[in-house]
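Peer 1: Structure in structure tokens, see below.
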Amino acid sequence: MKEVSVPAIKRIVLIAHDNRKEDLVNWVKTHREILSKHQLYGTGTTGKLISEETELPVYRFLSGPLGGDQQIGAKIAEGDLDIVIFFWDPLTAQPHDPDVKALLRIAVLYNVPMACNRSTADYMISSPQFTKTYKKILLSYNTKVKKD
């Protein structure tokens with residue numbers, strides 16, 4: 001196990017499937033004051049929409065189906081993102097479903113909190129840990145991965 005310090009100013013990635021974008025934008029508007037104190041990231045379309053609707057700066061990766069989910073997964077693996085807010089659509093098949101599953105796996109692997117709906121996002125943002133430095137524990141999977 002390894003302890004990693006998560007800074008008080010969080011690096012938060014905001015993602016939403018098409019049918020959930022409006023819900024995510026409304027959630028960001030509700031929590032604009034808190035979110036304005038953190039660094040925001042997003043997939044291409046979602047990030048642009050949030051930035052336009054809230055006037056918050058959002059660094060944008062590619063659109064999810066064009067590789068944005070994979071870019072975000074890489075940033076999580078590199079320790080460059082702290083929180084994932086991903087309002088995904090459970091009723092619509094996505095062309096990049098394997099990428100979404102990989103992103104979920106990487107978030108769990110690196111112990112990055114992920115909210116997949118508004119209720120979980122509300123609990124997360126209202127946590128006292130949200131605005132403080134936080135020590136997270138990373139499990140060592142090196143011994144679990146078979147080496148060739």
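The count begins at 1 with the first shown residue.
A Cβ is built for glycine as well, from the same backbone N, Cα and C atoms used for every other residue.
Got these off Swiss-Prot a minute ago, pasting:
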| type | residues | note |
| --- | --- | --- |
| DOMAIN | 4-148 | domain 'MGS-like' |
| BINDING | H17, K21, T43, G44, T45, T46, S63, G64, H96 | substrate binding site |
| ACT_SITE | D69 | active site, proton donor/acceptor |
Peer 1: Identify, in sequence order, the residues in the chain of H17 (substrate binding site) that are 6 or more apart from it along the sequence and have a CB within less than 8 Å of its CB; answer 'none' if there are none.
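Peer 2: Spatial neighbours, sequence-distant, of H17 (substrate binding site): G64, F87, W88, D89, T92, Q94.
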Peer 1: Along the domain 'MGS-like' (4-148), what average pLDDT does this model show?
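Peer 2: Mean pLDDT across the domain 'MGS-like' (4-148) comes out at 92.
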Peer 1: Cα of S63 (substrate binding site) to Cα of D69 (active site, proton donor/acceptor): how many Å, rounded?
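Peer 2: About 8 Å separates the two Cα atoms.
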Peer 1: Calculate the distance in Å between the alpha carbons (Cα) of T43 (substrate binding site) and D69 (active site, proton donor/acceptor), and round it to a whole number.
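Peer 2: Cα of T43 (substrate binding site) to Cα of D69 (active site, proton donor/acceptor) measures 7 Å after rounding.
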Peer 1: At the level of the C-alpha atoms, what whole-angstrom distance separates the residue listed as 'active site, proton donor/acceptor' and T45 (substrate binding site)?
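Peer 2: Cα of the residue listed as 'active site, proton donor/acceptor' to Cα of T45 (substrate binding site) measures 12 Å after rounding.
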Peer 1: So if I measure Cβ to Cβ from T45 (substrate binding site) and keep only same-chain residues at least 6 apart in sequence, which ones fall under 8 Å?
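Peer 2: For T45 (substrate binding site), the qualifying residues are K21, S63.
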Peer 1: Cβ neighbours within 10 Å, counted over all protein chains: which one of the binding-site residues T43, S63 has the most?
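Peer 2: Most Cβ neighbours within 10 Å: T43.
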Peer 1: Provide the three-state DSSP residue tally for the domain 'MGS-like' (4-148): helix first, then strand, then coil.
Peer 2: 66 helix, 28 strand, 51 coil
Peer 1: With every protein chain in view, what's the tally of Cβ atoms within 10 Å of the Cβ of the residue listed as 'active site, proton donor/acceptor', excluding that atom itself?
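Peer 2: Counting Cβ neighbours of the residue listed as 'active site, proton donor/acceptor' within 10 Å gives 28.
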